[in-house]
Amino acid sequence: MQALIFRLEGNIQESLELFQTCAVLSPQSADNLKQVARSLFLLGKHKAATEVYNEAAKLNQKDWEICHNLGVCYIYLKQLDKAQDQLHNALHLNRHDLTYIMLGKIHLLEGDLDKAIEIYKKAVEFSPENTELLTTLGLLYLQLGIYQKAFEHLGNALTYDPTNYKAILAAGSMMQTHGDFDVALTKYRVVACAVPESPPLWNNIGMCFFGKKKYVAAISCLKRANYLAPFDWKILYNLGLVHLTMQQYASAFHFLSAAINFQPKMGELYMLLAVALTNLEDTENARRAYTEAVRLDKCNPLVNLNYAVLLYNQGEERGALAQYQEMEKKVNLLKDSSSLEFDPEMVEMAQKLGAALQVGEALVWTKPVKDPKSKQRTTSTSKAASFQQPLGSNQALGQAMSSAAAYRKLPSGAGGTSQLTRPPSLPLEPEPTVEAQPTEASAQIREK
(Lines of atoms letter the chains of each structure in order from A and count residues from 1; the text may use other names and numbers.)
(Lines give C-alpha, C1' and ligand atoms only; values in the text may rest on other atoms or scores of the structure.)
Protein backbone atom coordinates (compact mmCIF):
# COMPACT_ATOMS: atom_id res chain seq x y z
CA MET A 1 0.00 0.00 0.00
CA GLN A 2 2.82 2.40 0.84
CA ALA A 3 4.49 1.59 -2.49
CA LEU A 4 1.27 2.39 -4.39
CA ILE A 5 1.03 5.72 -2.57
CA PHE A 6 4.65 6.52 -3.49
CA ARG A 7 3.90 5.69 -7.12
CA LEU A 8 0.86 7.98 -7.19
CA GLU A 9 3.00 10.75 -5.72
CA GLY A 10 5.62 10.22 -8.43
CA ASN A 11 8.29 8.72 -6.17
CA ILE A 12 8.93 5.78 -8.47
CA GLN A 13 12.31 4.75 -7.05
CA GLU A 14 10.98 4.54 -3.48
CA SER A 15 7.97 2.66 -4.81
CA LEU A 16 10.23 0.17 -6.60
CA GLU A 17 12.24 -0.54 -3.45
CA LEU A 18 9.11 -1.32 -1.44
CA PHE A 19 7.68 -3.53 -4.18
CA GLN A 20 10.97 -5.42 -4.31
CA THR A 21 10.70 -5.96 -0.56
CA CYS A 22 7.19 -7.34 -1.08
CA ALA A 23 8.50 -9.69 -3.78
CA VAL A 24 11.20 -10.96 -1.40
CA LEU A 25 8.68 -11.54 1.39
CA SER A 26 6.25 -13.29 -0.96
CA PRO A 27 8.30 -14.73 -3.86
CA GLN A 28 5.44 -16.84 -5.26
CA SER A 29 3.16 -13.85 -5.84
CA ALA A 30 2.91 -12.92 -9.50
CA ASP A 31 1.17 -9.66 -8.56
CA ASN A 32 4.20 -8.46 -6.60
CA LEU A 33 6.49 -9.16 -9.55
CA LYS A 34 4.09 -7.32 -11.86
CA GLN A 35 4.33 -4.24 -9.65
CA VAL A 36 8.13 -4.44 -9.62
CA ALA A 37 8.14 -4.69 -13.41
CA ARG A 38 5.72 -1.80 -13.72
CA SER A 39 7.96 0.42 -11.59
CA LEU A 40 10.97 -0.55 -13.69
CA PHE A 41 8.97 0.33 -16.81
CA LEU A 42 8.09 3.75 -15.39
CA LEU A 43 11.79 4.32 -14.70
CA GLY A 44 12.56 3.56 -18.35
CA LYS A 45 14.33 0.27 -17.58
CA HIS A 46 12.43 -1.69 -20.21
CA LYS A 47 14.85 -4.60 -20.54
CA ALA A 48 14.82 -5.20 -16.78
CA ALA A 49 11.03 -4.91 -16.81
CA THR A 50 10.74 -7.66 -19.47
CA GLU A 51 12.91 -9.98 -17.37
CA VAL A 52 10.68 -9.49 -14.32
CA TYR A 53 7.51 -9.88 -16.38
CA ASN A 54 8.86 -13.15 -17.77
CA GLU A 55 9.44 -14.35 -14.20
CA ALA A 56 5.86 -13.36 -13.34
CA ALA A 57 4.60 -15.24 -16.42
CA LYS A 58 6.15 -18.45 -15.07
CA LEU A 59 4.01 -18.08 -11.96
CA ASN A 60 0.83 -17.18 -13.84
CA GLN A 61 0.70 -18.16 -17.52
CA LYS A 62 -2.88 -17.06 -18.10
CA ASP A 63 -2.66 -13.40 -17.10
CA TRP A 64 -3.47 -11.19 -20.10
CA GLU A 65 -1.97 -8.17 -18.35
CA ILE A 66 1.48 -9.77 -18.20
CA CYS A 67 1.36 -10.61 -21.92
CA HIS A 68 0.08 -7.14 -22.83
CA ASN A 69 2.71 -5.37 -20.78
CA LEU A 70 5.47 -7.57 -22.15
CA GLY A 71 4.33 -6.56 -25.63
CA VAL A 72 4.52 -2.88 -24.67
CA CYS A 73 8.04 -3.33 -23.27
CA TYR A 74 9.17 -5.11 -26.44
CA ILE A 75 7.85 -2.20 -28.51
CA TYR A 76 10.15 0.11 -26.57
CA LEU A 77 13.01 -2.29 -27.15
CA LYS A 78 12.20 -2.28 -30.92
CA GLN A 79 11.63 -6.03 -30.86
CA LEU A 80 8.40 -5.83 -32.82
CA ASP A 81 8.07 -9.54 -33.63
CA LYS A 82 8.20 -10.51 -29.96
CA ALA A 83 5.80 -7.68 -29.17
CA GLN A 84 3.29 -9.01 -31.71
CA ASP A 85 3.51 -12.53 -30.27
CA GLN A 86 2.87 -11.31 -26.73
CA LEU A 87 -0.03 -9.08 -27.76
CA HIS A 88 -1.64 -11.93 -29.72
CA ASN A 89 -1.27 -14.11 -26.61
CA ALA A 90 -2.95 -11.40 -24.57
CA LEU A 91 -5.87 -11.24 -27.03
CA HIS A 92 -6.17 -15.00 -26.90
CA LEU A 93 -6.47 -14.86 -23.10
CA ASN A 94 -8.74 -11.83 -22.92
CA ARG A 95 -9.81 -9.24 -25.47
CA HIS A 96 -9.10 -5.64 -24.47
CA ASP A 97 -9.19 -2.37 -26.38
CA LEU A 98 -5.69 -1.44 -25.25
CA THR A 99 -4.20 -4.62 -26.67
CA TYR A 100 -5.84 -4.06 -30.04
CA ILE A 101 -4.55 -0.50 -30.09
CA MET A 102 -0.97 -1.50 -29.31
CA LEU A 103 -1.08 -4.24 -31.94
CA GLY A 104 -2.34 -1.74 -34.49
CA LYS A 105 0.43 0.61 -33.47
CA ILE A 106 3.05 -2.04 -34.27
CA HIS A 107 1.69 -2.38 -37.81
CA LEU A 108 1.78 1.39 -38.19
CA LEU A 109 5.40 1.46 -37.04
CA GLU A 110 6.11 -1.14 -39.71
CA GLY A 111 4.29 0.98 -42.29
CA ASP A 112 1.62 -1.66 -42.97
CA LEU A 113 -1.60 0.36 -43.06
CA ASP A 114 -3.75 -2.51 -44.35
CA LYS A 115 -2.93 -4.77 -41.39
CA ALA A 116 -3.41 -1.85 -38.99
CA ILE A 117 -6.86 -1.21 -40.44
CA GLU A 118 -7.79 -4.88 -40.06
CA ILE A 119 -6.76 -4.80 -36.39
CA TYR A 120 -8.72 -1.62 -35.70
CA LYS A 121 -11.77 -3.02 -37.52
CA LYS A 122 -11.70 -6.02 -35.17
CA ALA A 123 -11.30 -3.67 -32.25
CA VAL A 124 -14.34 -1.63 -33.35
CA GLU A 125 -16.38 -4.82 -33.69
CA PHE A 126 -15.40 -5.73 -30.14
CA SER A 127 -15.97 -2.24 -28.74
CA PRO A 128 -18.26 -0.34 -31.16
CA GLU A 129 -18.74 2.66 -28.86
CA ASN A 130 -15.07 3.41 -28.22
CA THR A 131 -14.66 6.85 -29.78
CA GLU A 132 -10.86 6.63 -29.78
CA LEU A 133 -10.95 3.47 -31.89
CA LEU A 134 -13.55 4.94 -34.26
CA THR A 135 -11.54 8.13 -34.67
CA THR A 136 -8.30 6.24 -35.30
CA LEU A 137 -9.92 4.00 -37.90
CA GLY A 138 -11.47 7.01 -39.60
CA LEU A 139 -8.09 8.72 -39.75
CA LEU A 140 -6.46 5.66 -41.28
CA TYR A 141 -9.12 5.60 -44.00
CA LEU A 142 -8.57 9.33 -44.46
CA GLN A 143 -4.86 8.73 -44.98
CA LEU A 144 -5.64 6.15 -47.68
CA GLY A 145 -8.05 8.55 -49.38
CA ILE A 146 -11.13 6.39 -48.65
CA TYR A 147 -13.22 9.40 -47.69
CA GLN A 148 -16.60 7.68 -47.45
CA LYS A 149 -15.49 5.19 -44.78
CA ALA A 150 -13.44 7.87 -43.05
CA PHE A 151 -16.46 10.14 -42.81
CA GLU A 152 -18.60 7.24 -41.60
CA HIS A 153 -16.31 6.29 -38.72
CA LEU A 154 -15.59 9.89 -37.72
CA GLY A 155 -19.34 10.55 -37.75
CA ASN A 156 -19.94 7.56 -35.49
CA ALA A 157 -17.28 8.83 -33.10
CA LEU A 158 -18.99 12.23 -32.94
CA THR A 159 -22.35 10.54 -32.40
CA TYR A 160 -21.09 8.89 -29.22
CA ASP A 161 -19.03 11.90 -28.14
CA PRO A 162 -19.95 15.23 -29.80
CA THR A 163 -17.02 16.93 -28.03
CA ASN A 164 -14.33 14.56 -29.34
CA TYR A 165 -11.92 17.19 -30.62
CA LYS A 166 -9.79 14.68 -32.57
CA ALA A 167 -12.76 13.62 -34.67
CA ILE A 168 -13.91 17.24 -35.10
CA LEU A 169 -10.43 18.27 -36.24
CA ALA A 170 -10.32 15.40 -38.72
CA ALA A 171 -13.80 16.21 -40.06
CA GLY A 172 -12.79 19.85 -40.48
CA SER A 173 -9.67 18.72 -42.30
CA MET A 174 -11.78 16.72 -44.77
CA MET A 175 -14.00 19.72 -45.43
CA GLN A 176 -10.92 21.88 -45.86
CA THR A 177 -9.55 19.37 -48.37
CA HIS A 178 -12.64 19.85 -50.52
CA GLY A 179 -12.49 23.63 -50.34
CA ASP A 180 -15.25 24.24 -47.77
CA PHE A 181 -13.14 26.70 -45.80
CA ASP A 182 -15.97 28.45 -43.96
CA VAL A 183 -17.49 25.18 -42.78
CA ALA A 184 -14.06 23.93 -41.72
CA LEU A 185 -13.45 27.14 -39.76
CA THR A 186 -16.74 26.60 -37.95
CA LYS A 187 -15.53 23.15 -36.88
CA TYR A 188 -12.18 24.54 -35.81
CA ARG A 189 -13.88 27.04 -33.50
CA VAL A 190 -15.25 24.09 -31.54
CA VAL A 191 -11.80 22.49 -31.36
CA ALA A 192 -10.24 25.79 -30.25
CA CYS A 193 -12.36 25.71 -27.09
CA ALA A 194 -11.07 22.24 -26.18
CA VAL A 195 -7.41 22.49 -27.24
CA PRO A 196 -6.47 26.16 -27.81
CA GLU A 197 -2.75 25.31 -27.87
CA SER A 198 -2.96 22.76 -30.70
CA PRO A 199 -0.33 23.26 -33.44
CA PRO A 200 -2.28 21.49 -36.23
CA LEU A 201 -5.40 23.45 -35.33
CA TRP A 202 -3.66 26.76 -35.98
CA ASN A 203 -1.90 25.29 -38.99
CA ASN A 204 -5.25 24.31 -40.51
CA ILE A 205 -6.88 27.61 -39.62
CA GLY A 206 -3.98 29.38 -41.28
CA MET A 207 -4.36 27.34 -44.45
CA CYS A 208 -8.12 28.03 -44.47
CA PHE A 209 -7.32 31.74 -44.50
CA PHE A 210 -4.75 31.04 -47.21
CA GLY A 211 -7.45 29.36 -49.29
CA LYS A 212 -9.66 32.41 -48.73
CA LYS A 213 -6.71 34.60 -49.86
CA LYS A 214 -6.43 36.30 -46.48
CA TYR A 215 -2.67 36.03 -46.40
CA VAL A 216 -1.87 38.21 -43.38
CA ALA A 217 -4.29 36.23 -41.22
CA ALA A 218 -2.81 33.00 -42.62
CA ILE A 219 0.72 34.02 -41.64
CA SER A 220 -0.45 35.07 -38.17
CA CYS A 221 -2.06 31.67 -37.52
CA LEU A 222 0.86 29.75 -38.99
CA LYS A 223 3.31 31.73 -36.85
CA ARG A 224 1.32 30.70 -33.79
CA ALA A 225 1.42 27.06 -34.92
CA ASN A 226 5.16 27.40 -35.45
CA TYR A 227 5.58 28.84 -31.94
CA LEU A 228 3.72 25.85 -30.49
CA ALA A 229 5.59 23.28 -32.63
CA PRO A 230 8.88 24.82 -33.82
CA PHE A 231 10.27 21.51 -35.13
CA ASP A 232 7.30 20.56 -37.34
CA TRP A 233 8.46 20.75 -40.95
CA LYS A 234 4.93 20.87 -42.37
CA ILE A 235 4.18 24.16 -40.65
CA LEU A 236 7.49 25.58 -41.87
CA TYR A 237 6.64 24.34 -45.38
CA ASN A 238 3.30 26.15 -45.30
CA LEU A 239 4.88 29.34 -43.98
CA GLY A 240 7.36 29.22 -46.86
CA LEU A 241 4.55 28.81 -49.37
CA VAL A 242 2.49 31.70 -48.01
CA HIS A 243 5.51 33.99 -48.01
CA LEU A 244 6.30 32.96 -51.60
CA THR A 245 2.74 33.83 -52.57
CA MET A 246 3.15 37.25 -50.95
CA GLN A 247 6.47 37.70 -52.79
CA GLN A 248 8.37 37.89 -49.50
CA TYR A 249 11.22 35.76 -50.77
CA ALA A 250 13.73 36.28 -47.96
CA SER A 251 11.19 35.10 -45.37
CA ALA A 252 10.21 32.21 -47.63
CA PHE A 253 13.87 31.19 -47.91
CA HIS A 254 14.19 31.29 -44.11
CA PHE A 255 11.23 28.97 -43.45
CA LEU A 256 11.94 26.60 -46.36
CA SER A 257 15.57 26.21 -45.26
CA ALA A 258 14.37 25.31 -41.78
CA ALA A 259 11.90 22.79 -43.22
CA ILE A 260 14.69 21.16 -45.26
CA ASN A 261 16.75 20.69 -42.09
CA PHE A 262 13.93 18.54 -40.70
CA GLN A 263 12.90 16.88 -43.99
CA PRO A 264 16.03 16.65 -46.16
CA LYS A 265 14.68 13.96 -48.49
CA MET A 266 11.72 15.88 -49.93
CA GLY A 267 12.33 17.21 -53.43
CA GLU A 268 9.36 19.57 -53.26
CA LEU A 269 11.08 21.64 -50.57
CA TYR A 270 14.22 22.06 -52.65
CA MET A 271 12.14 23.20 -55.61
CA LEU A 272 10.41 25.89 -53.56
CA LEU A 273 13.75 26.93 -52.11
CA ALA A 274 15.07 27.28 -55.65
CA VAL A 275 12.10 29.49 -56.58
CA ALA A 276 12.86 31.76 -53.63
CA LEU A 277 16.56 31.88 -54.56
CA THR A 278 15.71 32.67 -58.18
CA ASN A 279 13.66 35.64 -57.10
CA LEU A 280 16.47 36.69 -54.76
CA GLU A 281 18.73 36.65 -57.86
CA ASP A 282 20.94 33.88 -56.53
CA THR A 283 20.91 31.80 -59.70
CA GLU A 284 23.86 29.59 -58.82
CA ASN A 285 22.35 28.29 -55.59
CA ALA A 286 18.94 28.05 -57.24
CA ARG A 287 20.42 25.64 -59.79
CA ARG A 288 21.96 23.57 -57.02
CA ALA A 289 18.60 23.39 -55.28
CA TYR A 290 16.86 22.36 -58.52
CA THR A 291 19.48 19.67 -59.12
CA GLU A 292 18.81 18.23 -55.67
CA ALA A 293 15.05 18.46 -56.22
CA VAL A 294 15.28 16.55 -59.50
CA ARG A 295 17.43 13.89 -57.83
CA LEU A 296 14.99 13.36 -54.97
CA ASP A 297 11.64 13.77 -56.73
CA LYS A 298 10.78 11.11 -59.30
CA CYS A 299 7.11 11.84 -59.94
CA ASN A 300 6.35 15.58 -59.75
CA PRO A 301 6.57 17.15 -63.25
CA LEU A 302 6.47 20.64 -61.75
CA VAL A 303 10.06 20.26 -60.51
CA ASN A 304 11.34 19.68 -64.03
CA LEU A 305 9.13 22.43 -65.48
CA ASN A 306 10.46 25.06 -63.09
CA TYR A 307 14.02 23.92 -63.65
CA ALA A 308 13.49 24.09 -67.40
CA VAL A 309 12.17 27.66 -67.10
CA LEU A 310 15.26 28.70 -65.12
CA LEU A 311 17.62 27.09 -67.63
CA TYR A 312 15.79 28.67 -70.54
CA ASN A 313 15.97 32.10 -68.93
CA GLN A 314 19.72 31.54 -68.51
CA GLY A 315 20.07 30.77 -72.21
CA GLU A 316 20.74 27.05 -71.77
CA GLU A 317 18.19 25.68 -74.20
CA ARG A 318 19.72 22.20 -74.36
CA GLY A 319 19.44 21.72 -70.61
CA ALA A 320 15.95 23.22 -70.63
CA LEU A 321 14.90 20.77 -73.36
CA ALA A 322 16.21 17.83 -71.33
CA GLN A 323 14.18 18.90 -68.29
CA TYR A 324 11.14 19.50 -70.51
CA GLN A 325 11.35 15.96 -71.83
CA GLU A 326 11.66 14.56 -68.30
CA MET A 327 8.55 16.51 -67.39
CA GLU A 328 6.69 14.94 -70.34
CA LYS A 329 7.65 11.45 -69.15
CA LYS A 330 6.32 12.15 -65.65
CA VAL A 331 3.11 13.62 -67.06
CA ASN A 332 2.49 10.54 -69.19
CA LEU A 333 3.06 8.27 -66.20
CA LEU A 334 0.61 10.30 -64.12
CA LYS A 335 -1.98 10.22 -66.90
CA ASP A 336 -1.69 6.43 -67.15
CA SER A 337 -1.75 5.74 -63.43
CA SER A 338 -4.50 8.10 -62.27
CA SER A 339 -7.27 10.40 -63.39
CA LEU A 340 -5.46 13.42 -61.96
CA GLU A 341 -6.43 16.79 -63.41
CA PHE A 342 -3.45 18.97 -64.18
CA ASP A 343 -3.31 22.56 -63.07
CA PRO A 344 -4.35 24.80 -66.00
CA GLU A 345 -1.67 27.36 -65.18
CA MET A 346 1.00 24.69 -65.27
CA VAL A 347 -0.30 23.48 -68.62
CA GLU A 348 -0.20 27.02 -70.00
CA MET A 349 3.37 27.49 -68.85
CA ALA A 350 4.40 24.13 -70.32
CA GLN A 351 2.81 25.03 -73.66
CA LYS A 352 4.60 28.36 -73.74
CA LEU A 353 7.92 26.74 -72.90
CA GLY A 354 7.33 24.01 -75.49
CA ALA A 355 6.71 26.62 -78.15
CA ALA A 356 9.82 28.55 -77.12
CA LEU A 357 11.91 25.37 -77.30
CA GLN A 358 10.29 24.51 -80.67
CA VAL A 359 9.03 21.12 -79.54
CA GLY A 360 5.41 21.85 -80.40
CA GLU A 361 2.44 21.90 -78.05
CA ALA A 362 2.14 18.22 -77.39
CA LEU A 363 1.20 18.72 -73.77
CA VAL A 364 -2.48 19.45 -74.24
CA TRP A 365 -3.84 18.07 -70.97
CA THR A 366 -6.60 20.57 -70.36
CA LYS A 367 -7.88 23.89 -71.59
CA PRO A 368 -5.55 26.80 -70.81
CA VAL A 369 -6.72 29.41 -68.37
CA LYS A 370 -7.51 32.96 -69.35
CA ASP A 371 -4.89 35.65 -68.75
CA PRO A 372 -2.13 33.25 -67.68
CA LYS A 373 0.85 34.54 -65.79
CA SER A 374 4.16 33.63 -67.27
CA LYS A 375 6.51 34.25 -64.39
CA GLN A 376 8.35 31.33 -62.90
CA ARG A 377 7.40 32.49 -59.41
CA THR A 378 3.71 31.99 -60.17
CA THR A 379 4.30 28.64 -61.79
CA SER A 380 5.83 27.23 -58.68
CA THR A 381 3.99 28.79 -55.83
CA SER A 382 0.46 28.34 -57.05
CA LYS A 383 0.84 24.66 -57.80
CA ALA A 384 3.49 23.67 -55.37
CA ALA A 385 1.65 20.66 -54.04
CA SER A 386 -0.51 19.58 -56.94
CA PHE A 387 1.33 16.31 -57.41
CA GLN A 388 2.39 15.36 -53.92
CA GLN A 389 0.70 13.39 -51.21
CA PRO A 390 -1.31 15.55 -48.81
CA LEU A 391 0.90 16.94 -46.13
CA GLY A 392 -1.49 15.73 -43.50
CA SER A 393 -1.07 12.08 -44.41
CA ASN A 394 1.04 11.45 -41.31
CA GLN A 395 -1.79 12.62 -39.12
CA ALA A 396 -3.38 9.17 -39.06
CA LEU A 397 -0.14 7.58 -37.92
CA GLY A 398 0.31 10.04 -35.09
CA GLN A 399 -3.26 9.72 -33.94
CA ALA A 400 -3.43 5.97 -34.24
CA MET A 401 -0.25 5.61 -32.23
CA SER A 402 -1.55 7.90 -29.51
CA SER A 403 -5.28 7.34 -29.53
CA ALA A 404 -5.19 5.02 -26.53
CA ALA A 405 -3.38 7.48 -24.30
CA ALA A 406 -6.57 8.75 -22.72
CA TYR A 407 -8.43 5.43 -22.65
CA ARG A 408 -7.43 3.21 -19.77
CA LYS A 409 -9.76 0.96 -17.78
CA LEU A 410 -9.30 -0.15 -14.20
CA PRO A 411 -9.57 -3.92 -14.00
CA SER A 412 -12.63 -4.95 -12.09
CA GLY A 413 -11.89 -6.17 -8.58
CA ALA A 414 -13.90 -7.74 -5.82
CA GLY A 415 -13.47 -4.74 -3.60
CA GLY A 416 -11.41 -1.68 -2.78
CA THR A 417 -8.42 -3.68 -1.61
CA SER A 418 -8.37 -5.73 -4.81
CA GLN A 419 -8.25 -2.64 -6.95
CA LEU A 420 -5.42 -1.15 -4.95
CA THR A 421 -3.23 -4.24 -5.14
CA ARG A 422 -4.08 -4.73 -8.85
CA PRO A 423 -3.59 -1.29 -10.44
CA PRO A 424 -4.27 -0.57 -14.12
CA SER A 425 -2.18 -1.98 -16.93
CA LEU A 426 1.00 -0.31 -18.06
CA PRO A 427 0.64 3.24 -19.27
CA LEU A 428 0.89 3.41 -23.01
CA GLU A 429 3.75 5.03 -24.78
CA PRO A 430 3.52 8.81 -24.43
CA GLU A 431 3.13 9.52 -28.12
CA PRO A 432 2.12 13.00 -29.32
CA THR A 433 -1.61 13.50 -29.43
CA VAL A 434 -3.56 14.73 -32.41
CA GLU A 435 -2.15 18.22 -31.96
CA ALA A 436 1.29 17.07 -33.01
CA GLN A 437 0.43 16.38 -36.63
CA PRO A 438 -0.53 19.31 -38.86
CA THR A 439 -3.06 18.30 -41.45
CA GLU A 440 -4.07 18.79 -45.04
CA ALA A 441 -1.97 21.74 -46.07
CA SER A 442 -1.49 20.83 -49.71
CA ALA A 443 -5.17 20.64 -50.48
CA GLN A 444 -5.56 24.29 -49.62
CA ILE A 445 -2.46 25.25 -51.54
CA ARG A 446 -3.99 23.59 -54.55
CA GLU A 447 -6.87 26.04 -54.38
CA LYS A 448 -4.57 29.04 -54.89
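Any Cβ shown, glycine's included, is placed from N, Cα and C.
What TrEMBL annotates here:
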| type | residues | note |
| --- | --- | --- |
| REPEAT | 97-130 | repeat 'TPR' |
| REPEAT | 131-164 | repeat 'TPR' |
| REPEAT | 233-266 | repeat 'TPR' |
| REPEAT | 267-300 | repeat 'TPR' |
| REGION | 368-391 | region 'Disordered' |
| COMPBIAS | 377-391 | compositional bias 'Polar residues' |
| REGION | 408-448 | region 'Disordered' |
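Break the repeat 'TPR' (97-130) down by DSSP state and the numbers are 27 helix, 0 strand, 7 coil.
For the repeat 'TPR' (267-300), the model's average pLDDT works out to 89. Helix first, then strand, then coil: DSSP counts for the repeat 'TPR' (267-300) stand at 27 helix, 0 strand, 7 coil.
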